[in-house]
Amino acid sequence: MEEKDVYTEDGTVDIHKNPANKEKTGNWKACRFILGNECCERLAYYGMGTNLVNYLESRLNQGNATAANNVTNWSGTCYITPLIGAFLADAYLGRYWTIATFVFIYVSGMTLLTLSASVPGLKPGNCDGNTCHPNSGQTAVFFVALYMIALGTGGIKPCVSSFGADQFDENDEAEKVKKSSFFNWFYFSINVGALIAATVLVWIQMNVGWGWGFGVPTVAMVIAVCFFFLGSRFYRLQRPGGSPLTRIFQVIVAAFRKIRVKVPEDKSLLFETADDESNIKGSRKLVHTDNLKFFDKAAVESQSDSIKDGEVNPWRLCSVTQVEELKSIITLLPVWASGIVFATVYSQMNTMFVLQGNTLDQHMGKNFEIPSASLSLFDTVSVLFWTPVYDQFIVPFARKFTRHERGFTQLQRMGIGLVISIFAMVTAGVLEVVRLDYVRSHNAYDQKQIPMSIFWQIPQYLLIGCAEVFTFIGQLEFFYDQAPDAMRSLCSALSLTTVALGNYLSTVLVTVVMKVTKKNGKPGWIPDNLNRGHLDYYFYLLATLSFLNFLVYLWISKRYKYKKAVGRAH
């Protein structure tokens, strides 16, 4: 007789009360739908964003600095809105229903974007060759669509990687190993989508038209939605644990209320639930740590802490696990901050690398020109190469020397990527020095493209891709593992905000650099005519910031202590 599924209160299949359910759900059988969804969604995102700077210049008539800043501002917003989706997922909806809700906002935004580039009256008019002069209404429709997409991705991005990792049981050693591998293949699927976007879609945009160029990504997003819902019966769903922000504020308030209370030397006297399960839904108990001792005051019991019938007032008394949740978030922040400069370097692929490529010879043979934005395919190729190499070869090789099950710790992996990113910026700067030397020696200041092949940009793209495999994937895994169980979406969103702040930092740097370097009638480092600027100085500035950031990261990582959890979630 076939065993029936056992469900929790919220309708989630419980794999612990009925082990047979474990064979039916989760694992790679569920992840194939999640990976398919992510591949198509990233194809849609990069198909729209990779070449966006050229659309802004040619169709909305924006200059280099303005277009670059608009791209980084929008891209930054795409990585800030995940805080909204993450909060809803952890507190109320769960990851599945948050994704299911926001995909429809995403598709609506993509549809409006396609209409804004193809429907007469909505698409930019008054075109003279490659330059258009849109009216304010046409510009407004375009940006409304763009920021609808930013909101839509905010509900998907922080949840999907965590949702995939949820399909592996952390209490099962065999599944735990597969979970580590999942993050590598998750990032691999992202870059399969990005590869198609950087080649096929960019070519369509530059040679067929922007209507088709945005229409194809819209279709890809619809396919992504289909992939996600097709896998619904295989998913393991994690229960939302209530508002994580409320729990954080409860600890802070309780600690300050007991500011004069002394924490006992015997930490076993601190308040914790008696049973094996945490009092927070979806979370395991956390082991007490000795850092940030002030917040332990929130777990010191006193007679005024109870409300009635033995219940405690959560604004006066918090469990050790709840206190450790807050400590975990605080200790993650320095590692989080160290990723901002790396994200600034990464953001140059969609801005300064493209603008630099526009000044180089884009010919492949006599009759074909490769769009400069398509060079990002070499970043993608690098990721697609290094991801399986890392998973299948580097990890087993490193394991022999480090004795660590993952080859490198997550912090070591991220640090290696930070070092590689420094060399990427130095390489871009060297190419710009060579390019400007040609301009000066041949008096080619007003020449749109100089006879240097665009393929000299390949090394800087390859290095960025290699750095991504170490830093971004390591970051995904680190923030999932080190996050409290009931705050994983929020911590995934927190890791994504480094990309947002990196884009905003890029905007600030460009603005400040131009303001400082345009004094006394000079054109500045990044003028509309790059032949009269010094883009090389900007790349070297980023390399210097990256080096200083790495030194700070070393200091932070040496002092970090990894989370310890006990028991099972409920």
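Note: Cβ is positioned from N, Cα and C throughout, glycine not excepted.
TrEMBL entries are annotated by machine, without manual review.
Model, not experiment: these values are computed from the prediction.
These come from TrEMBL:
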TRANSMEM  96-119  transmembrane segment
TRANSMEM  139-160  transmembrane segment
TRANSMEM  181-204  transmembrane segment
TRANSMEM  210-230  transmembrane segment
TRANSMEM  411-434  transmembrane segment
TRANSMEM  454-473  transmembrane segment
TRANSMEM  494-517  transmembrane segment
TRANSMEM  537-556  transmembrane segment
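The recorded stretches the transmembrane segment (181-204) and the transmembrane segment (494-517) do not share 3+ CB pairs below 8 A when only pairs 6 or more apart in sequence are counted, and are therefore not in contact. Same-chain residues lying 6+ beyond the ends of the transmembrane segment (494-517) with a Cβ under 8 Å from its Cβ atoms: 65, 68-69, 72-73, 75-80, 82-83, 86, 157-158, 329, 332, 336-337, 339-348, 351, 475-476, 478-479, 524-526, 534, 538, 541-542.
Here the transmembrane segment (139-160) does not lie next to the transmembrane segment (210-230) in space: the count of CB pairs under 8 Å, restricted to residues six or more apart, is fewer than 3. Long-range contacts of the transmembrane segment (411-434) within the same chain, counting only residues at least 6 positions beyond its ends with a Cβ under 8 Å from a Cβ of the stretch, are 335, 338-339, 342, 345-346, 348, 352-353, 356, 452, 456-457, 459-460, 463-464, 466-475, 478, 535-537, 539-540, 542-543, 546-547, 549-550, 553-554, 557, 560. Within its own chain, the transmembrane segment (537-556) has Cβ neighbours under 8 Å at 334-335, 338, 340-342, 344-345, 348, 352, 414-415, 418-419, 421-422, 425-426, 428-429, 432, 509-510, 513, 525-526, counting only residues six or more beyond its boundaries. Note on the transmembrane segment (210-230): residues 33-34, 36-41, 43-45, 47-48, 51, 55, 59, 99-100, 103-104, 106-107, 110-111, 113-114, 117-118, 123, 193, 197, 200-202, 204 of its chain, located 6 or more positions outside it, place their CB under 8 angstroms from a CB of the stretch.
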